[in-house]
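Visitor: Right, I'll just put the structure down here and ask away after.
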Amino acid sequence: MRLRENVKVLSNFKELRKGSKSRSQYVEEVINDVCNAFDYNKSLCEVIFTLFAPAEALEFIEANESQRPLTIRTNTLKTKRKDLAKVLIQRGVQLDPVAEWSKVGLKIYESTVPIGATPEYLAGHYILQSPSSFLPCMTLAPQPNERILDMAAAPGGKTSYIAQLMKNTGVLVANDLKKERLKSLNANMHRLGVSNVVVANYDGRKIPNIFRKFDRCLLDAPCTGIGVIARDPSIKVQKTYDDVKKLSHLQKELIKAAIDSVDANSKTGGYVVYSTCSITVEENEAVLEYALKTRYVKLVETGLEVGEPGMTKYCEKRFHPSMNLSRRIYPHVHNMDGFFVAKLKKFANGEKSVEAVSTAREEEEAKHKQKVKKQALNKKKKEKRMKKKESAKEEEGEIKPHEKKRDKKNKQKKAAAAKTEAKTEAPKKVEAPKADVAKAEPSQEPKPKKDKKHKKASKEAKESKIEEPKAEKPKAEKPKTEQ
């Protein structure tokens, strides 16, 4: 098949290339073949092939053709997973736990009974829900007795899981724009026994003017749904790149409203979770980058064990380095619906000007570049010093570096001592002639008297007095003895 052959060529283009055919021509052929074989819109197909390499893009498209296994989430407000599994097995249902990271999910392979019509379902012991939609609620990590907002709540799967984690305490505001979808939300809340939910019908962009000071907020934003093509094949034909751009603008407005509705001074929260069922960068990383520039928020770890890190580079775009803390779920990798989850921590209230953020970002980048340059220069200097030392050792041979240091210190000491001696001798030479010219003979007589009275005389004067009488006595005694 030509599609497979072209994908192989693109995986190793230099060696498998045929003739003078360019890479763009091969990619165009692959996209056209995918559109014809899998009934995809060409615009959407181009979006997928810019996001993935050709081989991985084909894997993603093929994974969307196969259906995911049916999964349910147990309602711990009414039962436990073990008890529910036992009852369903007795009714002829083959099931397994979803994964190690989930304590409430069950995967169903075969069933002799309709899963959406069992007595346990009608009693509210479980709800049909995909495992990828567990992740935003787990990332939000709601605590009991908190005020939480679910900005786009219908049909109520995530809302009921949040209430379940809150143990039916606190206040949970479930909002949705479309009034028609609130019927299913109310029905699910009553069936599952959730009693801490307040249902609202407002435009999410206007919620900060109505509700404020929430501890946490979940925004499962409206999106193109490219990650859930397996459940809704009509997306392959209906959605285009223009829809991606339009929804990206709406998502940026909604995430601003979600951040504004949360209180940064909350003792237990101050978190916003952003999620979509799309895998495009324009609907995920680009929206978060906008939030980081316009509001006082930062990305934090999601705490999830599943998923791949978010993208920091995409085509010519460069995102904040903390974007890798977000998580991406792919159908061809994790065997779940495509999903994106990120967690934001609000550290101050109010808006942030774009100019201030851009200048601060530029300053940080400039400082980082300067540090890198300084480190490189220091390395070069150290290398030069080491080379000089090695060359000096080779030339001098026996002389060691510590001996050179000692010689330098000794020379410095000798030079300092010579300077001090010169300073002390200079005044003595000037004083001596003054005393000789002024007093001449009388200066010799009073000196011995002063020496006897004062102890602070110089050593030279004492020695001269002692030597003079010794020289005169022997000359007087010799002639006396001879006579």
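Including glycine, each Cβ sits where the backbone N, Cα and C put it.
From TrEMBL, here are the annotated features:
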ACT_SITE  Cys277  active site, nucleophile
COMPBIAS  368-388  compositional bias 'Basic residues'
COMPBIAS  389-401  compositional bias 'Basic and acidic residues'
COMPBIAS  402-416  compositional bias 'Basic residues'
COMPBIAS  420-448  compositional bias 'Basic and acidic residues'
COMPBIAS  458-483  compositional bias 'Basic and acidic residues'
DOMAIN    60-347  domain 'SAM-dependent MTase RsmB/NOP-type'
Visitor: So what's near the compositional bias 'Basic residues' (368-388) in sequence-distant terms, Cβ-Cβ under 8 Å and 6+ beyond its ends?
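Guide: Same-chain contacts beyond the flanks: none.
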Visitor: Counting only residues 6+ away in sequence within the same chain, which have a CB under 8 Å from the CB of Cys277 (active site, nucleophile)?
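Guide: The list for Cys277 (active site, nucleophile) reads Ser132, Cys223, Gly225, Ile226, Gly227, Val228, Asp337, Gly338, Phe339, Phe340, given in order along the sequence.
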Visitor: Could you give me the DSSP helix, strand and coil counts for the compositional bias 'Basic residues' (368-388)?
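Guide: Residue counts in helix, strand and coil order: 21 helix, 0 strand, 0 coil.
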